[in-house]
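Engineer: Structure incoming, see below.
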Amino acid sequence: MRQILVLLLFVTLVYGLIRVPLKRQKSIRKTPKEKGKLSHVWTQQGIDMVQYTDSCNNDQAPSEPLINYMDVQYFGEISIGTPPQNFTVIFDTGSSNLWVPSVYCISPACAQHNRFQPQLSSTYESNGNNFSLQYGTGSLSGVIGIDSVTVEGILVQNQQFGESVSEPGSTFVDASFDGILGLGYPSIAVGGCTPVFDNMIAQNLVELPMFSVYMSRDPNSPVGGELVFGGFDASRFSGQLNWVPVTNQGYWQIQLDNIQINGEVVFCSGGCQAIVDTGTSMITGPSSDIVQLQSIIGASAANGDYEVDCTVLNKMPTMTFTINGIGYQMTPQQYTLQDDDGVCSSGFQGLDISPPAGPLWILGDVFIGQYYSVFDRGNNRVGLAPVVPYPPLMNGV
């Protein structure tokens, strides 16, 4: 009888979850790389790939390194307004604002994407404030509006969001997403906006104040994974969740004990800070460490990227990220990316984040694809466990 009750409770929790399917599509980096123009993109954005680094200076306005979004492949759908206007967004735990292009945007990138038309929504209100976000060498700017936002059937009322009227450079022209929905803490939200998930909690729209992310690394799966609001799905991971306290409530920031290569501590020997970030595609770290790491794994700069020989993956070292005393191992097959043309690229990228926020390591999609990640706002902690390979996910299952 006890086993039956436990099973019924599990089924109730699983089917009470709000699931947002994540589609896997071509990344921003993919298109210029296919055209042989990736090096030109880096030059335009002021990113010196020879030095293996991008930088983020906290003395500037709130900043998002543009390189973080270059390889993001996981996107979901939301709608804004009444009647609903649909948008494809990155669900980004590394930022806290929701923004989409405005119909009044004059940038080339906006013309290629869905744009919000406030005059068509009966529930829209103007906030009257402006906002600006720094992306690489340019800034994204616009106005703040208030409207209803729907995420997989969850109706969030009176949500503040950015309507971009100017987007930087030409990089977002090739993006598969229209905008970004931030899932970080309110302290890093620009313009005093309350993040979407905070409003979900305040409006009693979720069972528990947590959400979880599953990302499939199977390139042949048409559905990339899922974002779950209100809890987690234990069928998506093996073993138990290992909980890690959040050390700074801005990003989902945690303590990283050390980083090992083939069992030997090489980086972060005295401990360092890291963030678990669905909006960053790769694993990033201080450029001086990444230069050394790329050399260790045999990656070399080529065609605006860092490539490794696909035929020697079995000879490359194993990486282990030790977090709260638990080792999270990654094989070469897991920390490299293989293109359709058979070229393998390193899953590591240099990124210098200035104090006081940095230096930081960022555990992006390359890491999250191997470890189911739960973001618990109620207890300010992150849960991690090895993913269970799944058949293609079906919407709403």
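Glycine residues also receive a Cβ, built from the backbone N, Cα and C atoms like all the rest.
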Engineer: According to Swiss-Prot, which residue among C268, C310 is joined to C272 by a disulfide bond?
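Structural biologist: Within the candidate set C268, C310, Swiss-Prot assigns the bond with C272 to C268.
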Engineer: By a simple count of other Cβ atoms within 10 Å, which of C110, C268, C272, C344, the disulfide-bonded residues in the record, is least packed?
Structural biologist: C272
Engineer: Is it possible to get the count of other C-beta atoms within 10 angstroms of the C-beta of N86 (N-linked glycosylation site)?
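Structural biologist: Excluding its own Cβ, the number within 10 Å is 12.
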Engineer: Across all chains shown, how many C-beta atoms besides its own are within 10 angstroms of the C-beta of D277 (active site)?
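Structural biologist: So the number of other Cβ atoms within 10 Å of D277 (active site) is 27.
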Engineer: Around C310 (disulfide bond), how many other CB atoms lie within 10 A of its CB?
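Structural biologist: Taking all protein chains shown, C310 (disulfide bond) has 15 Cβ neighbours within 10 Å.
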Engineer: Quick check: of the disulfide-bonded residues listed here (C105, C110, C272, C310, C344), which one has the Cα closest to that of N86 (N-linked glycosylation site)?
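Structural biologist: So, of the listed disulfide-bonded residues, the one sitting closest to N86 (N-linked glycosylation site) is C110.
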Engineer: Compute the C-alpha separation of C105 (disulfide bond) from C268 (disulfide bond), stating it in Å without decimals.
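Structural biologist: C268 (disulfide bond) has its Cα 44 Å from the Cα of C105 (disulfide bond).
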Engineer: Between D92 (active site) and D277 (active site), how far is it from one CA atom to the other, in Å?
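Structural biologist: Counting only the Cα atoms, the answer is 7 Å.
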